[in-house]
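> Once you've had a glance at the structure underneath, I'll fire off some questions.
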Amino acid sequence: MAVNGNNTFLDHTSAMEVLKEYERRDGLDIRDLMDSKLQGGLTYNDFLLLPGYIGFPASAVTLDSPITKRITLKTPLVSSPMDTVTEHEMAIHMALQGGVGVIHHNCSPDEQADMVRKVKRYENGFILDPVVITRDTTVGEAKALKEKWGFGGFPVTESGNLGSKLVGIVTNRDIQFETDLDKPVSEVMVTDLITATAGVNLLEANKILAESKKGKLPIIDKEGNLVSMISRSDLTKNLHFPLASKTKDSKQLICAAAIGTRPEDKDRLAKLVDAGLDIVILDSSQGNSMYQIEMIKWIKKEFPDLDVIGGNVVTREQAAALIAAGVDGLRIGMGSGSACITQEVMAVGRPQATAVYNVSSFAARFGVPCIADGGIQNVGHIVKGLALGASTVMMGGLLAGTTESPGTSFVSREGKLVKAYRGMGSIDAMQDKKAGGGGKDAQKSNAGTARYFSEGDSILVAQGVSGAVAHRGSINKFVPYLAAGLKHSLQDCGMTSLQELHECVENGTVRFEIRTASAQLEGGVNMESYEKKLYA
């Protein structure tokens, strides 16, 4: 006991023991926070996580988290299947950064399948389906193949097929400055080849490739027939992108794509699976329908090795129906996206934080991972979505401004560089005719009308808007910034992994606090003028 004038203080060394005298810990546990009878429906801005004890560096935090029952990502970030967000470029770079991109379906089945192939061919361990040409293939045709697939270095076999005798390789250097486009590649190809024999493991093959200083290493059988390849560029990518999301067997990038629940989507899915698809997302604003349940059961029967993510859902009742049908993951959110007006127009939906907690806590009992889809405007929202039980978060508007998104870049009236972005429920998206080949029946094939059950409507009711978002630079800088911010947030909470975060939220170790309107104002910037740089 210490005395200071008229004040008597406790011994400072007893602080931890005195703390135990308090009946309640600071803040709220997750159940008190999410009690809708007391709090109502909550959004991400309505609460904060309270800090814990930091006993480790942020670099020690791991972000591994499942997106489906069978597939785990090293970065829990997913790009949305919107036609101004995710095509093959976005899907490739999201996968390279440890996340995954979901390719939209507001295009023809063949176009979507081509995008899947580009993702799967981008980075390989053993390339089991290389692009093979014959001696008679022209230089012009080889250049066209390079333009189409985005890579060069084509093996030449007698028949032009895998399994045929290898006779040479055409590299970029062989055709780069060749002006005679009709010349057969037999006149320019490399015939002095370094190869490896079938049965070699990936580590040994990579060593041979590194020592050979060649760009490609063909793998042949005892008869000299081509069976597979490995690429030097993939070795480089492995060094630059150690977190890349890859399949365990082929070492190809993981690729996801969305489809609808119409009968013709079964044919679309068959083409996507043939192209190498790993995950299919059933794209609907309201997933608890007879159409989606029937589609889930059909997919699990026809393609048992394909992971299926159902949704969207915001209640336990919706989730239960899809879990019972056999989904491998769920997508949570209705009306919370930045370009979505479903809650306003339809008066149906749910505040995102409340939806994520209620659905994910129920789905966790069945081992079904959940994606928090919508309402993500910053790193803090990502943290909150994961703290409420989601395994990953899906982003649309936050990624639409990146270089890799397919949206059009332009200068706004204010002189700022922006990119076009639209909700799939917007009139612009629902009237897009690419999916139907531009025909008069294109509305029936449109991804937007399918998502919002409007294929046969004579009057389209918008559930989204069109606009623009600020240009954010490359995914290769923006996603690492999001991941670094997430690690520092978990460090502040005293959590070393997302699994630990989920466990400590459930057992009450991680605490929360409701934010009043004044508290939200206090937590923002309060300056006359300022410049907000997100990362450097």
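Just so it is clear, glycine is given a Cβ too, placed from its N, Cα and C backbone atoms.
Straight out of Swiss-Prot:
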- Cys340: active site, thioimidate intermediate (ACT_SITE)
- Arg451: active site, proton acceptor (ACT_SITE)
- Asp283, Ser284, Ser285, Gly333, Met334, Gly335: NAD(+) binding site (BINDING)
- Gly335, Gly337, Cys340, Glu522, Gly523, Gly524: K(+) binding site (BINDING)
- Ser338, Asp373, Gly374, Gly375, Gly396, Gly397, Tyr421, Arg422, Gly423, Met424, Gly425, Gln463: IMP binding site (BINDING)
- 126-187: domain 'CBS 1' (DOMAIN)
- 189-245: domain 'CBS 2' (DOMAIN)
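Distances, neighbours, how buried they are, the whole picture for these features please.
When Cβ atoms from all protein chains are considered, those within 10 Å of Cys340 (active site, thioimidate intermediate) total 25, not counting its own. Cys340 (active site, thioimidate intermediate) carries a strand DSSP state (E or B).
Annotation note: Met334 (NAD(+) binding site) sits in a coil segment as assigned by DSSP. Met334 (NAD(+) binding site) has a Cβ environment of 26 other Cβ atoms inside 10 Å.
Counting only same-chain residues at least 6 apart in sequence, none has a Cβ under 8 Å from the Cβ of Gly524 (K(+) binding site). In the three-state DSSP scheme, Gly524 (K(+) binding site) is classed as coil.
The C-beta environment of Ser338 (IMP binding site), restricted to residues of the same chain at least 6 apart in sequence and closer than 8 Å, consists of Gly374, Gly375, Gln377, Gly396, Gly397.
DSSP assignment over the domain 'CBS 1' (126-187) gives 18 helix, 14 strand, 30 coil.
For the domain 'CBS 2' (189-245), the number of residues in each DSSP class (helix H, G, I; strand E, B; coil) is 20 helix, 15 strand, 22 coil.
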> Average the per-residue pLDDT over the domain 'CBS 2' (189-245) and send me the rounded value.
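Residues in the domain 'CBS 2' (189-245) carry a mean pLDDT of 81 in this prediction.
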> Since the record lists Gly374, Gly425, Gly523 as binding-site residues, which of them has the fewest other Cβ atoms within 10 Å of its Cβ?
Gly523
> Which secondary structure state does DSSP assign to Gly396 (IMP binding site), in the simple three-class scheme?
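Coil, per DSSP.
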